[in-house]
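J.: Let me begin by handing over the structure; questions about it come next.
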């Protein structure tokens, strides 16, 4: 657990009785508590959540959308965030001090966010400054810890989403000659390449060996990518695309930019979760789509569009395992403890970290 968080769990593990309750009984109790608490309770649910959880969300969206919606809701005392840890952190930083953000299962982390910790990042910045001097600006994907957002805030940088990455990267290059992009190398590479920066002007910082990997002239490096990735989107391959092209050549292929450069380059379309949802929504009836993103979302899109032929780009894809930590039993547990006047798994980010992280968030929000 990060020292930047102050968590007050009543119990650290889900009580046994929730394992023996029927789905019907759990759903009934959630509805009862939601009705009883009314506007004092707000449940945001990420697109990648299970249907058993999403059915109770008061808003569905990507991580930043949900944090903003939570921040605009001044009536809710309790925000039970159905997503992963960094999302709940962002919600806590953007909401008021008297609003309480709860994560139903503290094990719901994000492997990509965990690939850049603050000690590694501070060390990397020091080493890169020796190489490049005061020519760099940091940008972090919102899929990062509060500490990394704060690092970017105090070093003149900002956050980005997969929807606005191009705008924010363009802005960053008006501030400095070089960009340090973390923690997702793939989103950084795909975005900067789309903006015209060649691959040989990009380097990768490996935080485990404290080394810079590059092929071109070091003096010409414009982008330094953190060696991190999404464990879900990493599993989509060019071979998957080749199989679809061979077996169903009339199928459109659309992927998330967290996929690697080779997969994005071989696809027909690439964009954020919202972009993918909107594209399928607007597509004509009878159209065919292979989607390269998280499986819970793909399955939901399939259910919502029976008039279209939709498959996962990778037929053996699994849902995001950490996102799947949030399930109906954990949601009910969180709600019942609130009902009893208790609080579990409260997310509370350190005040100074919040101030610096909000700087980075606001630099983005002011420009998009």
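Placement of Cβ uses the backbone N, Cα and C atoms for every residue, glycine included.
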J.: In Swiss-Prot, 46, 141, 142, 143, 162, 256, 257, 258, 273 are given as binding iminosuccinate, so which of 22, 63, 72, 231 is in that site too?
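T.: The candidate from 22, 63, 72, 231 that Swiss-Prot ties to iminosuccinate along with 46, 141, 142, 143, 162, 256, 257, 258, 273 is 63.
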J.: Sorted by position, what residues of the same chain at least six away from residue 143 (iminosuccinate binding site) have a C-beta under 8 A from it?
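T.: Once residues fewer than 6 apart are set aside, residue 143 (iminosuccinate binding site) is near 63, 86, 110, 112, 113, 183, 184, 230.
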J.: What whole-number value in Å do you get for the largest C-alpha pair distance within 46, 63, 141, 142, 143, 162, 256, 257, 258, 273, the residues recorded as binding iminosuccinate?
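T.: Pairwise Cα check on 46, 63, 141, 142, 143, 162, 256, 257, 258, 273 gives a maximum of 18 Å.
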J.: Between residue 320 ([4Fe-4S] cluster binding site) and residue 258 (iminosuccinate binding site), how far is it from one CA atom to the other, in Å?
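T.: It is 13 Å, counting Cα to Cα.
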J.: So if I draw a 10 Å sphere around the Cβ of residue 141 (iminosuccinate binding site), how many other Cβ atoms end up inside it?
T.: 29
